[in-house]
Amino acid sequence: MGTLHLKQNPLLKITNKSLINLPSPSNISAWWNFGSLLGMCLILQITTGIFLAMHYTPNITTAFSSVAHITRDVQYGWLLRGLHANGASIFFICLYFHIGRGIYYGSFLNKKTWYTGIMLLFLTMATAFMGYILPWGQMSFWGATVITNLLSAIPYMGTNLVQWIWGGFSVDNATLTRFFTLHFLTPFIISSLTTIHLLLLHEKGSNNPTGLNSNPDKIPFHPYFSYKDLLGVNLLMIGLLTLTLFLPNLLTDPENFTPANPLSTPKHIKPEWYFLFAYAILRSIPNKLGGVLALLSSVTILFIMPTLHTSKQRSATFRPFTQILFWSPTADLVILTWIGAQPVEDPFIMIGQTASVFYFTLILLLIPLAAILENKLLDY
């Protein structure tokens, strides 16, 4: 019986090149752990999601009670639902940290990898939004109505597009069925795109905290970074299990424990916490189309990051002005997240508008200008 050789077997060769003998920069920090954590989160979400789909019924008359049935009657159904719902929150925390690290250390200059990453972000956001609709509680129904209705701001075709998505003249059974179908399908598309993301990353190799060429100082991925990633996975699982077992409903909206009722509108319609920053930007503009464009811009701004890079240095490690201006929009996003959860009244309206203007000004104007100033200082 022949032995399997890592470098000869066609399947093992791919694994060997991407997980075992992958040349990695020796100085990458814990900020580089979030990629593997996102992979773990995706596997967890797909696994728990498949088991939940076995018991869920995508019908407006039975969807809410089927979720109650999962949590009460199915063996460990409460755990599956808790892991899936809170796993989404952990997924987005890792995702935002991963993007933040990419911006701070200039990883966006690897354009192909960066653009596939943004596509992954959009797909993940769409998947999470559709998943929020499935329990068919009050916030699910009204969230679906309000967010899909934003497309009606598109000139000429907006209304027809909304009705086409709804499958009728309002959010109804057809909407729930198609959202369930797409929510089940998109994670597999995300998995495929993740593979492309990794292939494009390994084409040039990982960036590192200094932003310099790390070719003279590479070490194999295994055992150094494989064990480092395992530590990250363990810490993440401890956090997720603590949240799921002790505070399973901490991040869910109380309104969603009430079955969907088209005749009763909740006092304050809002999405899940990880979309609140974009929702706050949307609400801060009085015009509907303007709000939708600002909402889209808050995320699509990531596409022009390589264009906005005016510095001679790739990373922000040795750039003090850029560091201050990096943490300013980070704090600004926290403020926007808080504002998105507040009712539409003063002083929240004013704070939201100020924070929205500040967000775009920092990214589009102040950070590129600071980089130009730092370039000038390097000449002295």
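Including glycine, each Cβ sits where the backbone N, Cα and C put it.
Among the ranges 137-157, 179-199, 263-283, the one that Swiss-Prot lists as transmembrane segment is 179-199. Taking every recorded stretch in 114-134, 289-309, 348-368 and counting its Cβ pairs under 8 Å to the transmembrane segment (78-99), the highest total belongs to 114-134. Around the Cβ of H197 (heme b b566 binding site), the number of neighbouring Cβ atoms within 10 Å comes to 21. Of all the Cβ atoms in the protein chains shown, 14 others lie within 10 Å of the Cβ of H202 (ubiquinone binding site).
Put simply, H98 (heme b b566 binding site) is 20 Å from H84 (heme b b562 binding site) when counted between their Cα atoms. Panel annotation: around the transmembrane segment (227-247), residues 30, 33-34, 36-37, 40-41, 79, 82-83, 86-87, 89-90, 94 of the same chain, lying at least six beyond its termini, place a Cβ under 8 Å from a Cβ of the stretch. H183 (heme b b562 binding site) and H197 (heme b b566 binding site) are 21 Å apart (CA-CA, integer value).
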